[in-house]
Protein chains: 6
Amino acid sequence: MFSHNQRLQYSVHVHEPNPALANLMLEQFGGPQGELAAAMRYFTQALAEDDPGRRDMLFDIATEELSHLEVIGTIVAMLNKGAKGELAEAVDSEAELFRKLQGAGNDSHVTQVLFGGGPSLINSGGQLWTAGYVDSIGEPTADLRSNIAAEARAKIVYERLINLTDDPGVKDALTFLMTREIAHQKSFEKALYSIEPNFPPGKLAGRPAFADMYVNTSQGAGDMRGPWNNDADFNVVSDHEKHMGIDGGDGLMSVKLSSDQKKIVDQMTARLKSNLDVNPTTGAELGKAGGGDQLNRH
Amino acid sequence: MFSHNQRLQYSVHVHEPNPALANLMLEQFGGPQGELAAAMRYFTQALAEDDPGRRDMLFDIATEELSHLEVIGTIVAMLNKGAKGELAEAVDSEAELFRKLQGAGNDSHVTQVLFGGGPSLINSGGQLWTAGYVDSIGEPTADLRSNIAAEARAKIVYERLINLTDDPGVKDALTFLMTREIAHQKSFEKALYSIEPNFPPGKLAGRPAFADMYVNTSQGAGDMRGPWNNDADFNVVSDHEKHMGIDGGDGLMSVKLSSDQKKIVDQMTARLKSNLDVNPTTGAELGKAGGGDQLNRH
Amino acid sequence: MFSHNQRLQYSVHVHEPNPALANLMLEQFGGPQGELAAAMRYFTQALAEDDPGRRDMLFDIATEELSHLEVIGTIVAMLNKGAKGELAEAVDSEAELFRKLQGAGNDSHVTQVLFGGGPSLINSGGQLWTAGYVDSIGEPTADLRSNIAAEARAKIVYERLINLTDDPGVKDALTFLMTREIAHQKSFEKALYSIEPNFPPGKLAGRPAFADMYVNTSQGAGDMRGPWNNDADFNVVSDHEKHMGIDGGDGLMSVKLSSDQKKIVDQMTARLKSNLDVNPTTGAELGKAGGGDQLNRH
Amino acid sequence: MFSHNQRLQYSVHVHEPNPALANLMLEQFGGPQGELAAAMRYFTQALAEDDPGRRDMLFDIATEELSHLEVIGTIVAMLNKGAKGELAEAVDSEAELFRKLQGAGNDSHVTQVLFGGGPSLINSGGQLWTAGYVDSIGEPTADLRSNIAAEARAKIVYERLINLTDDPGVKDALTFLMTREIAHQKSFEKALYSIEPNFPPGKLAGRPAFADMYVNTSQGAGDMRGPWNNDADFNVVSDHEKHMGIDGGDGLMSVKLSSDQKKIVDQMTARLKSNLDVNPTTGAELGKAGGGDQLNRH
Amino acid sequence: MFSHNQRLQYSVHVHEPNPALANLMLEQFGGPQGELAAAMRYFTQALAEDDPGRRDMLFDIATEELSHLEVIGTIVAMLNKGAKGELAEAVDSEAELFRKLQGAGNDSHVTQVLFGGGPSLINSGGQLWTAGYVDSIGEPTADLRSNIAAEARAKIVYERLINLTDDPGVKDALTFLMTREIAHQKSFEKALYSIEPNFPPGKLAGRPAFADMYVNTSQGAGDMRGPWNNDADFNVVSDHEKHMGIDGGDGLMSVKLSSDQKKIVDQMTARLKSNLDVNPTTGAELGKAGGGDQLNRH
Amino acid sequence: MFSHNQRLQYSVHVHEPNPALANLMLEQFGGPQGELAAAMRYFTQALAEDDPGRRDMLFDIATEELSHLEVIGTIVAMLNKGAKGELAEAVDSEAELFRKLQGAGNDSHVTQVLFGGGPSLINSGGQLWTAGYVDSIGEPTADLRSNIAAEARAKIVYERLINLTDDPGVKDALTFLMTREIAHQKSFEKALYSIEPNFPPGKLAGRPAFADMYVNTSQGAGDMRGPWNNDADFNVVSDHEKHMGIDGGDGLMSVKLSSDQKKIVDQMTARLKSNLDVNPTTGAELGKAGGGDQLNRH
C-alpha cells in the first residue's frame, strides 16, 4: 500500500519558464530510460519476488523511483507554467502565440497543444511510453542485471541533461536524481552477488563446446583481438566455413511431414513455382518511358 | 558489408510439424528478448563506436545474432510447414481446417491466418516487435551493461523454451542458441572491465551525500536488511519525514514568472477554480435509480 | 513523495493457482482500463494542477490506484505461483510442461514463457501497455470528464472479471476494486460540478448556429429521433445537400500560392498526370492465366 | 453503407501555405483527440449497439466525424501545397530546400520527407495513430461517458489551435469543427441520461462500505477538503494504518498450493536465495577507479 | 462529405454465434491487411491528390472500404451476440461463464472481457491497429503500387478466412469482400499505367552502373539464377571482394571535424578506451559457483 | 549464416558534421520506408519460401539491404560525430550546449540526448520502428507485389533526401542507395511475372459479378471517368440505392440465437434501453453558466 505527501523528495526551485528545456526533461519522465520505466521495472519484479529481502529492496527502490517521477514531472510543470497560461488564456494575439510556440523549439509544441503544458508520458521526441521499455522477466539473476544496466543508462541521460542547463534549480535537482541512480546501481550489484552462483543465469548449464567459443564473423581490416576473445578464456573460430553447421552437421534444415502433408506442400510449391526459363515482360517495362506504347493505346 | 550462405550456423532437423510450438518459438524471433533485438542492439552500438576493438566485437556478435535469427526463424518455418500448406491449399473441409487451427492452441492462429505460416516479427502473444526493445544509448559503460543483461535474459527465455519441448532437433538447436548467450555475456563482461574505470558510468561524479544513501521508503512488517543496504556501504535513512526535502530544503516547488505571466496564470486559475463551499448536484446523482425523476420528464 | 508498506490495501487470499485466470486479470494490471492507466491519468493531472483542492484529490486517488495496481498484481502473482515454479525448475518432463502450458489456455503462455509467471504490463491479449491510454490534456473540465468516463469503464471490466471467477478470494478483492471505481467516479463528478461553469469546456464559446445543430448524416430505414436530437434543443438538418458547404459557402478548398509555387505545383501535376484517354495494359493483364504468353518467352 | 461527395462539409479557403501550421493541425487528424479517433470510437460502438435509437445516433455522429477528418485533412493538404511541390520538383538548390525545411520548424520535416506533404495519421509530434486511443468497451453507460469526455477534450485542442493561427480561413473552419464538438457532447449527454438508471454503470452494485469511502492517501501540508470528499456523501478515512487491510483482514496475500507445487516453489526459492550475511564484492567495486587493479593484470 | 445508410453494402445473415470465428474475423477489421488500413490508405492519398481523376477514384474506393469495414464489423458483432449477453447479464454461474470463455478458444477472451463483444480495432491476436500499417507517401507512382500490393494481400487473407468457415452467411459475405479486392487491384493497375512513364518512380534517374547490377550476396549451395538476375537485364556481381567499396573507393568512412571537435572526440575516445592488454576479472567470474568465495565473505 | 566485413558496400566520406541532416537520414535507417524494414521484409519471406530460386533471390536482396542499413547508419554516425563528443565531454558551457542543440533543429535533440549521437531505430520524427511496417504474409504473388511497392517508396524517400543535401559525400552515397532500389524493383518484377498465373493472387477465383464492378460511391461535382473505371473492363454502378444490398438481398444483418441466448440478449437490451420519450436534464445543463444554481448550493 502506498501513501503520499505533497512535499517532494527534493525541492524544485526553477529560475524561469523554458518550454524547450521542459521538453528535454520529458526524456526522464516518459522516455525509455526515465523514472516510470524504472519504477515499473522494480515494482513488477517486487510483486513476483519470493525472496523476502530482495522483495523489500525492490519495493524500496520502486517507491523512490515514483517519487523521482514526481520530481522530474514537477520540473516539467514549472518550466511550462508561463507558456501554459498564455495558450489557455489567449491574451496574446494568435500570431504572437504561434511565434512563441515555434520559437520555443524542439518538440515542445506537442506538450503545449496536446497536453496543455502538463507533463505527459512521452519522451522528448513525442514517442508514447510503452511497456516494451520494461524488461523484467521474473528471474532474479537476469532481472538484477537488467536493473544494473538500467541505472547505468539513466545515470548517463541525466548527465546529458545536466550538461544542457544552467538553471541552478533544475541542475541541482537533476544532480540529485543522477546520484541516486548510482546508489541504486550499487544496491542492485550487492543483491546480484548475494545470490550464489549467479552465472550462468538460470538452471541449465550450457554446452561446454559452445560456451567458450568466440565466432569471428566480422573479418577484414578491422579484425582485432581483445579481452573479449582472449585465448585464455575463448576458443576463437575464424574460418568462416567452420561457422556453418557448427554442430558438425550439414547446416541444413528439415522437418518430417506425413505423406498427406507432403503431398499438399508439393502441390502448393508447384502452383507457385517460379519459372526459371522465361524472361517475362514486367510492370517495370510497361512503365518505362515509351514502354507501354505499342500495348496500351486505344 | 554482410554476406550470406544458405547453410545455417546450426543444423535444424525437426521431428514433426507443431504450430503451437512454432508460436512459442516466436518469442525469440520477434519477442523482446529475441534475436532481432539482440542483433539490433549490438549493430547500432557498433556503428557509433569509436573504439576499434569494441567496434569489431560488436560487429562479430551482431552478425552472429543475425545468424541466430535465421536459425530460430527456420525452426518456426519447419514447425509450421504442414499447417501452412493445408490452409493455403484448402484440401480439407472448412470445418476440419477450423478445428485444426483451434486445436493447435495458443496464438498460432495469427501466424496461420495473417502470416501464412511464415516466421514474423511478433512475440508469442502476437505483439509486434518494436525498437523500444533496443536500449542502446551510445555510452559504452552503460551499453555493455545493457548487453550483459540482455544476454542473461535471452539465456533464461531459451531455457524455458527448452523445458517445453521434447522434439530432439528443436531441443538441440535451442540448447546451442542458449549456450551462445552465455559466451556472449562473457565477452561483454570482459569488454566492460577492460574500460577503467567504468563505475560510475559517465563523466560526472555523483554528489557524495546521496551516492551512499539508502532511502528506506517501504517499511512495515516486511522491512529487511541485506547486502544492498548494509552499514559498511550505505547510510540507511528510515525516517520518512527526512525523505521529504532530502536536500534540506522545503520539498516544495516554485518557478519565477514574469509579472505578465503571473497575471495570466492567476486569471486561468481563477477561471477554473474549484468552489470548495458547494455540494453540487452531479451527473452521478442524475443517473442514479430515480435520480433524475423530478427533473427530466416532459 | 511516496512511501510504501508491504501490507496490501486489501487482503488477497487465493484458493488455488490458475494461470488462465491470472491472464484475464492482466486486463486490469496492464490493460487500457487497468490500474496503471488510472494512476498515471490522475498523477499526470495532479502534477500540472494549479488548484490546490483538485491537486490534493488527484494525488489521493492516484496513490490509491497505485495501491490497487499492487492488489491486482498480487492476484496475478498468486494465481501463477505454481506454474511459475514448475517451468523454472523443470521437474516435470517437457511434454508434461508443454501440455500444462497449452492446457491453461488463452494467452497465459506469454506470461509463463516471457515473464516467468510475474505480472507484466500487458493486457489479457498480450498487448504492451502504452501511454496512448492516458488521455490527460491539462484542462480540468475536460480531464475530469475523462476521469469520470475512465472510472465507469474500469467498473465494467471489473464486473466482467467478477462474473468469470468463483474463487472466493479473487472475487472478494475484485469486488472491492470495482466498488472503489464507483467511489472515485462520485468524487470526480463532485469536482467537475464544483467548477462553474464547466460547459462548454474551455474559454471559447462555439458559433451558435452550429452548437445546436444535429446533422442527420445516417438516414434510411434506421433513422430515428430521440433525446439526442429533440426539437427543443437541436435544429435537425436532414437534407444531405445542405450538409455540404454547411457554412453557406461552396464546400470547396483553395490556398493562395505565390506564382512561383503555382508554377512548380503545375509542373508536378503535369508530370504525374493520369492519361484519361488510354486503356493501358497492366500488370494484372500480364499476370492472368495466359496473359503474358505472347510476351515473355525466350 | 457510406457514400461520399467531394464537396466538403465546410469550405476550406486557406490564405497561404504554412507547413509548420499544417503540422500542428495533424493533432486533430491523426492525434489522440483527433477526428479519426472520434469516428472510430462511435463507429465501433454503433456496430455493436442493440438499441436502435442510440445506434442511429452513433452512425450519425461517426459519419460526421469522418467528414470532419476530411475537413482537417484538407486544411493540412492546403497548408502544405507549396512546400510539397518544391521538394518533389527540386527546383531550388539543395541548400535552399534544406533551409526552407528547417526553417518551417516543429515536426513539419516528417510530413515533407516521409509523407510528401500529404496528411498522415500521426499527431503533431510524429506519433503514429494507435487504436489505443479508442476506448469503446461495449457498455453504453460507460461508452457514452467516454464520448462526452472525448468531445470535451477535442473541443479544447481545437480551442488551442484556434488560438495559434490568424489565417482567417483556417480559423473559420476550426471554429466550426470546435463548435460541432459542443453539439455532439450535448447529444451524448442526452443519450446517457435517457438510460435510467445509468449510475453506477453496469449491473453489479458495489459493496456499500466502500462505495462512499474516501481514502485520504495523500496527506501533509496540501491536505484539503472539498466537494469530492464532503461529509454528506463520503466517509473520509485518513488514518494510514486503517488503509491497509481495509477489509479488516491482514492485508497479506496467500495462495493454496498443492504439496507438489509447494515443494517446487520452495526449491526454486532456495536456489535463488539472497545470502543476507555476506558483503559480496561486486562489479561496481571492480569497475571503480583502481578497483580492479590487483585482480586483472596479466 | 460522407453520408450513411444503415443498410449494408452486402447482407450479413450469420448461422449461429461463434466467438472464436468472430475473433479470426478481426484480422480484416483491425488487422494490418484489414479494411480500416485500406480505407485510410486511399483516403489519405485522396486528400493530397492533385490529379482530379485519381482523386475521384481514391475517394470512390476509400468510401467503399469504409463500407466493407462496416460489413466485416457487423459479422463480428453477429458472431459475438450470444456470448456478449451472457457475460453482461451473468445468467450462468461464474464457473460456467469461465468455461465458455476458455472453450471458445484463440484470443476471443479479449473481445469478451475488454470490448464486451463489440468489434474493436485489433487484429486476431489482440494487437492494436497502428497507422504504421498505412504506407501512403504522397507520390502516386509509389502509392498506386502500394495499393496494388495491399489489395493482393487483403485478397489472400480473405481467402484464408473463407477456407476456415462453413457458416454459409459468413462465407458468402467474405467471398464478396474478397472479390472486391480483385476489382480494386484492377483499377489501381489501370491508374498506375495511365501515368507515363511510371518507372522508375519519381523524378531522379538512378546511376546507370548500379541500376542493372545484381549483387549476389548470398552464395553457397543454394545459389541460383532466374529471371530476377538474368544476363539480358542484369550485371551479376558475385565476387564478394567487389561488393565492398562497390563505388571503386575504399569502402571506409570519414567526416571532416574541426580541430576543436577532433580534440573533443579524441578526449572522449581516450576516456572510454578498451585496454587490450588486460584480462580483467569480471562479474561473470565473481558470479560463478565458488567464484566470489575468497572475495566476498565478512 | 551471415558474415561481415567492416568495409562498407559504398564509401562514406562526409564533408562536415550536421546533426539536423543526420536526423533526416534516420528516415531510411529506422523509418517505415527504411532499410531495416526492407531487410526484414525480404528475410522473413526467404525463411518461409519453398521455391529455391526465389529463396536465393530474397536472401541476396535481404543481405544487401542489411549492408545498406550499415551505410545509412554510418552516414548518421559521421554527421553526428562532432556533436556527440561535445555533449559527452561537456567542454562547452551548458548554455552553449543548449544553444547548439536547439540550433541544430528538427528532432535531432532526441538523437543527442537519448541516443548519444548514435544511429537509432527511429524515423526522423522520433517514432520507434515497429514490425507493423513489415507486410510479408507468406504468399509470393502478394509478397512480391509488396516488395515492388516498398522499393518504389524507398526510392522516393531517397530522392527527397538527395534533394535536401549538398554534402557531396552524403549525396553520392544516397544516390547509390536510391539506385539500388530501382535494381531491386526490377528483380522483384521479374520474379512476380515468372509465376504464372499471378493474378488474381491466391487460389480462389472471385465471384465474376463483383470482380469487374466499379462502385461509384463518391459522386457530385468531382465525379470522373478514367482507365480505372472504363467501360471495356468495368461495370460501373452509380445508383447509390443499388450499392446497398448489392447481393440483391436486404442489406440487413441477422444471427440465429438459441432461445436462451435470445432471452438474455433481450434482457440486456431492455436494461440498457434508451427512453425516447424524455428530455432528461444532463450534465451539460448542470454545467452551463448558472445551470446548477438552483440545485447545488448548501
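Cβ coordinates come from backbone N, Cα and C, glycine included.
Annotations in TrEMBL come from automatic prediction, not curation.
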Further binder of Mn(2+) named by TrEMBL next to F:E35, F:E65, F:H68, F:E151, taken from the candidates F:H4, F:H13, F:H109, F:H184: F:H184
Rounded distance in angstrom between the Cα atoms of F:E65 (Mn(2+) binding site) and F:D56 (Ca(2+) binding site): 14
DSSP-derived structure type at F:G220 (Ca(2+) binding site), helix or strand or else coil: coil
Nearest of the binding-site residues (F:E35, F:H68, F:H184) to F:N216 (Ca(2+) binding site) - Cα to Cα: F:H184
Residue pair F:S218 (Ca(2+) binding site), F:H68 (Mn(2+) binding site) - Cα distance, angstrom, rounded: 43
Interface-proximal binding-site residues, chain E, C-beta separation under 8 A, candidates F:D56, F:D60, F:E65, F:H68, F:N216, F:S218: F:D56, F:D60, F:N216, F:S218
Minimum Cα separation from F:D56 (Ca(2+) binding site), reported as the residue among binding-site residues F:E35, F:H68, F:E151, F:H184 that achieves it: F:H184
Residue pair F:E35 (Mn(2+) binding site), F:G220 (Ca(2+) binding site) - Cα distance, angstrom, rounded: 42
Length of the line joining the Cα atoms of F:E151 (Mn(2+) binding site) and F:G220 (Ca(2+) binding site), in Å: 36
Residue pair F:H68 (Mn(2+) binding site), F:G220 (Ca(2+) binding site) - Cα distance, angstrom, rounded: 48
Cα distance (Å, whole number) from F:D60 (Ca(2+) binding site) to F:H184 (Mn(2+) binding site): 10
Residues close to Mn(2+) site centre defined by F:E35, F:E65, F:H68, F:E151, F:H184, Cβ within 8 Å: F:A38, F:A39, F:I61, F:E64, F:A154, F:L177, F:R180, F:E181
Secondary structure of F:E151 (Mn(2+) binding site) (DSSP, helix/strand/coil): helix
Subset of binding-site residues F:E151, F:H184, F:N216, F:G220 within reach of chain B (CB-CB under 8 A): none
Filtered binding-site residues - F:E35, F:S218, F:G220 - keeping only those with Cβ under 8 Å from chain D: F:S218, F:G220
Protein Cβ atoms within 10 Å of F:S218 (Ca(2+) binding site), excluding its own: 26
